[in-house]
């Protein structure tokens, strides 16, 4: 994303990969153009929001015609740096970490886990999903140019490991632990607590109907 585009709202930026994934599917099916209404129905984002999101990037479509799928796909590929590979490291090869290694973002052409770390001796020196697993004690020896890390470790260990990652130059952390991490302001962390998300879903099912939320 270029310097000017980095000024777009964070909520818009988070939706761009969603648009890109749908456009890839449209392109694969041979569809040549799409309306904001069709996009809205597919990605479950209202049409007005989609048009506003796209407006931050200039004129991407034509009134009465919609959007050219090939053009949008090419535009968002460049915007999201899809032609540039990003190597990601993973800390914690437990059940969740192992699942990530086997999946390894196979649908994303520009992102892959290149190495993993753990303290379990039975896993150190092995490969999981084709990804080498190293001793966490040797973290500083292996991490060089990587800037993104996935954290799937016990909460009690999360902060100390995060401190080491920051010292190594990691700029972004996808945190799957319950811990809320303290980092410098220039570090970006996305917290994903699966237990909290599940509890929230159950609560909303019990206390709110979908129609109430729409209203």
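The backbone N, Cα and C atoms fix where each Cβ goes, and this holds for glycine too.
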Task: Which range of 18-57, 58-97 is DNA-binding region, per Swiss-Prot - done: 18-57
Open item on the list: I'd like the Cβ neighbour count for residue 94 (NAD(+) binding site), meaning other Cβ atoms within 10 Å of its Cβ, all protein chains included.
Closed with: 13
Open item on the list: Give me the sequence-ordered set of same-chain residues, not including 92, 93, 94, 95, 96, 97, with a C-beta within 8 angstroms of the centroid of the NAD(+) site's C-beta atoms.
Closed with: 98, 99, 100, 118, 152, 153
TODO: Compute the average pLDDT of the predicted model within the DNA-binding region (18-57).
DONE: 89
Open item on the list: Tell me the coarse DSSP state (helix, strand, coil) of residue 95 (NAD(+) binding site).
Closed with: helix
- [ ] Give residue numbers and ranges for long-range contacts of the DNA-binding region (18-57): same chain, 6 or more residues beyond its ends, CB-CB under 8 A.
- [x] 5, 8-9, 12, 65-70, 72-73, 75-77, 79-80, 82, 107
